[in-house]
Amino acid sequence: MKISFVLLLTLFICSIGWSEARPTDIKCSASYQCFPVCKSRFGKTNGRCVNGLCDCF
């Protein structure tokens, strides 16, 4: 029971960062097009193209 709780807690803590994507209104066709957009708007180059729009995280 303790092991299950620890695993569940670890998964929860690790998943916190995954849900911090910031959608933008910039259209894209590939993720590399989002890198300069994310850098200029949020200061980070982490981004991806999702459904034709850039998501920065």
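Every residue, even glycine, has its Cβ placed from backbone N, Cα and C.
According to Swiss-Prot, the disulfide bond annotation covers C28-C49, C34-C54, C38-C56. As annotated by Swiss-Prot, signal peptide applies to 1-21.
Distribution of Swiss-Prot features across the structure.
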residue : record         : CB count, 10 Å
C28     : disulfide bond : 19
C34     : disulfide bond : 22
C38     : disulfide bond : 21
C49     : disulfide bond : 17
C54     : disulfide bond : 24
C56     : disulfide bond : 22
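C34 (disulfide bond) sits 7 Å from C49 (disulfide bond), taking the CA atoms of both as reference points. In this structure the alpha carbons, written CA, of C38 (disulfide bond) and C54 (disulfide bond) are 8 Å apart. Recorded residues C56 (disulfide bond) and C49 (disulfide bond) have their alpha carbons 9 Å apart, per Cα-Cα distance.
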